[in-house]
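J.: This is the structure I want to talk about, given as structure tokens.
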Amino acid sequence: MSAYRCLDVPVHFLRTAWTGLLWLVYGTEEEDEEETVNSMSATSPTPKQVEVWLQENQEWFEDYFLKNGSKKLVQRWIESHKGEMIGSGPNNFGLKPALSPSTQRRVTYAQLSNSKSRTNSQSDEKTDNNNEEANPIRPRSGSRQYLRQDFAKARSRTLFNTWASPSPACTDNDDPDQDSGPTSPRDPSNCRRGQLRRASTVPPERHSISMLSLLLEPKVRLPHRTSITNEAKLELRSTDERQFFLALVKDISQDLNLDSLREKISTNVGILVNSERTSLFLLEGPKGREMLVSKPHRFASEIRESNNGSKGISQWQERGVMLSPGEGFVGRVAETGQTLRIESPGEVPKDVETLIGLQVRSVLCLPIRNSDDDIIGVCQVTNKVSGSRFTEHDEKLIETYLTFCGIGINNAQLFDTYMKEYDRNRKLLEVAHDLFEEQTCLDNVVQKIMQRAQSLLKCERCSVMLVKDPTAETITFSKVFDLPSTLHNGHSNNPVCCTGDVKLSNGIIEHVASTGDTLNIYDAQNDPRFDKELDKATGFHTRSILCMPVRDNKYQIIGVAQILNRTDGFPFDENDEQLFEAFTIFCGLGINNTLMYNEVEKAMARQKVALEVLSYHACSTSQEVDVLKISRLPQIQALGMTRFDFDDFKLDADEMVKASLRLYMDLGLLQKFKIDPEAMTRFLLTVRKNYRPVAYHNFRHAFNVQQAMFAVLQNTSVVHYLTEPEQLSLLVGCLCHDLDHRGTNNAFQEKSQSPLSQLYGSKATMEYHHFNHTVMILSSQGHNIFGNMPAEQYSEVMNVLKHAILATDLALHFKVRSQFFDLVRGGRQNWRTSQHKELLRGMLMTACDVAASTKPWRIQHKIAELVTSEFFDQGDKERNELKIEPTTMFDRNRKDELPQMQLGFIDGVCLPLYESLVKVSPMFTTMLEGVRSNRKRWNELNEQRKRKKSTSEISKLNIC
């Protein structure tokens, strides 16, 4: 049987193998099994001979194994070669890999355990068939559907996992659609990122948190663990005590899983001294408040069921126990560090026997120390199987073994601490991700944060209360969020949210909300500030409380966060406080951002309502439209609107609207673009209503600019270079180019930091506002004169309209005019190209905007005075409101310099512009001559001013 045990396969399997071996070697005829076994016994082959033959005939052995090997046998083989599977390459043991490259998938210890549990409940053959049907192996692919499913599984993957290694024969796969995966157990996260880079699409947003978890996978892997069966340990103990002891040490040397290490140490100590029961207590908890904790036995329920629930399993093993240092003989050993041996049954209290579940004859308790000689636990051994008492040799043996155990436990605890820290950091990053992902709904933000806090802090309940008014004498909460755990007290994991003015009769929460202090209460039931009636009302038993304030970005308290009861029974420690403080910071930021978003939404809603109200009052009334509809429209020729010397002050407000309507009708634009005359009338009246009563930039100026453009289109050849949609856009642009002008320029908007400058920026501030105001009027019901145009034509008209209005900004004019001047000077213009035509339209808008400088002297002089008056008003605002000195053009104290300022404007803007336009069309000569004539008059006035000023200075000198 020792040979069978070394091969680690069932006896019936070897018997069958021997039968096949003898048939092949000796050429035996077909016999029944009994005869074969008798023949085998007669020939008496040794196990060594069988082993040699099987090694020489591996293909036969593999084929037989695949046909007749049971699921249970495969599971036993996997369990005994875990470390070799992880660290070895393919085909190390003469067995073909289970998965080929085209059918690779991850293999985890959790999956192996699940497979084992399924095997125990079914027969081997039935499990094989069912498993193939239930878990079909499908190829990996780079398809969008597969990637999305893969991302969704990222969170559920076991932390420590490996790839099933492919065989070399299968790696030569030329199919590009199949992902062969890694051929060695390298970092799986790198492989996943490689798949992402090869994917043709990006996963949807709802899986972004899974991608985050994927990218945060730890690169640290547990070392390969090798295990030895208890039967092998017992055999070694009886044959070679030294090798037996080394095997026990090796068994725990590389195990960094604290729970499995506990089990191994308990089992090994029991085998070492042949005891009936071994219990391991480890010191856990915050410094100064440590407790001796014995974890529940992993197989407690199985043992209890096998013994019909009556014997063989103690409450100690089933539920675990916690003891304070100094409590009982285990606590005394932890406190003193001295070994305790009890040899008389009478020295053990009856309640301890009941707890252990054994009649105690002898007990041996020894301290467990780490490499720094600090006590980290206690090992308790109860009753020797032989019935004898524990000897000094047993004590020395356990003490020596516990030296190695202390080092292993210390390493496992350090690794466990590292993994907890890693998990905390990952959860905090996921919280930050949640905050950025969800900033619109307050309930969702708080719920996500509470779920993260409850998951990471391992607490039974989490609550967040939002303070309505922190400055009020009575603390009132506007919202209360409560998230109970699914694992305790029968509560569901659905968060409860109470809204309205909620008054909580809870002294702890009120104290934190009013003072901003952090409260960590170890024993809530004995704290006078805790209201026990709350537990009675909810059926929840509160043991410990950690309560902190939630602050916004201004460090003002906006709420209180509270967690109750650690799931492990310990009170909250300093680490919990630090972590929970981080959560409250994130919670405060998330709540503050969400509240700000809600305020912005309300502000936008209020703005929308205000805009609707203002639009209603800013639009023309139906009575005004009806009056204009029945009015007689003037004739364009009779008004002289086709002339460049049109009198800008000839018409009143109503007549200007009528003349504008006639202008569009005579050009045939209403018919051409199917513009409703009533809509055109309403549009003109509303535009007039939206000009402010400032000195110069009012509706009269807009009408005069429109008249100048109309005269240009009627008298010059540029009309041949412009399409009808462009002509319509230029005329409407002239009429709307100064909508809602406030009598101040762009520089003033920037200096005063007006809402307009904040909205549109410092470049062409007013021009952007004029265009947007035009769009607002066009968007009002019954005002869209472009509404019947095809979509493409509508887009063209709006683009030309925008460019036309923005072109009236002189700062932009100065940037582009050199290009226009160079074109016409060199005769290289081509008005059919979009770029040249855009330059031409911009120059025409500026020429019409400053056309007042081309009008007869009487008109020009009056307009100059109006412009100067508006400039002086702006200068007064700069001096009085902004406390800055205005420039010469805006300084009322220098109004006598008007002629000189006009000369500068004509020489710098008007003359170069009209001189270049004459080269485009000679008909602009009339406007150029008008500018020159007005310049001459301004020069004369300037000379008179100079002579007068010189005479005044001489008079002052004579007086002196």
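Quick reminder: no glycine exception, Cβ is built from N, Cα and C everywhere.
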J.: Asp666, Asp738, Asp822, Asp876: which one does TrEMBL list with His697, Asn698, Phe699, Arg700, His701, Asp849, Gln902 for the AMP site?
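T.: So, going by the record in TrEMBL, that would be Asp738.
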J.: Take the Cβ of His697 (AMP binding site) and count every other Cβ within 10 Å, whichever protein chain it belongs to.
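T.: A 10 Å sphere around the Cβ of His697 (AMP binding site) contains 24 other Cβ atoms.
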J.: Where does Asp738 (AMP binding site) sit by DSSP, helix, strand or coil?
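T.: DSSP assigns Asp738 (AMP binding site) to coil.
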J.: Just the number: how many Å between the Cα atoms of Asp849 (AMP binding site) and His737 (Zn(2+) 1 binding site)?
T.: 9
J.: How long is the line from the C-alpha of Asn698 (AMP binding site) to the C-alpha of His737 (Zn(2+) 1 binding site), rounded to the nearest angstrom?
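T.: Answer for this pair: 10 Å between alpha carbons.
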J.: Return the single residue from the binding-site residues list (Arg700, His701, His737) that has the minimum number of other CB atoms within 10 Å.
T.: Arg700
J.: State the count of C-beta atoms found within 10 angstroms of the C-beta of Phe699 (AMP binding site), not counting that atom itself.
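T.: Around the Cβ of Phe699 (AMP binding site), 21 other Cβ atoms lie within 10 Å.
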J.: In this structure, which of the binding-site residues Asn698, Gln902 has the fewest other Cβ atoms within 10 Å of its Cβ?
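T.: With the binding-site residues Asn698, Gln902, fewest surrounding Cβ atoms within 10 Å: Asn698.
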J.: What same-chain residues, at least 6 away in sequence, bring their CB to under 8 Å of the CB of Asp738 (AMP binding site)?
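T.: Listed in sequence order, they are Tyr691, His697, Asn698, His701, Ala702, Met766, His770, Thr808.
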J.: Inside 10 Å of the Cβ of Asp849 (AMP binding site), count up the other Cβ atoms and send me the figure.
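T.: The answer is 23 other Cβ atoms.
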J.: Mean pLDDT over the domain 'PDEase' (621-945): what is the value?
T.: 95
J.: At the level of the C-alpha atoms, what whole-angstrom distance separates Gln902 (AMP binding site) and His737 (Zn(2+) 1 binding site)?
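T.: For Gln902 (AMP binding site) versus His737 (Zn(2+) 1 binding site), the Cα atoms are 23 Å apart.
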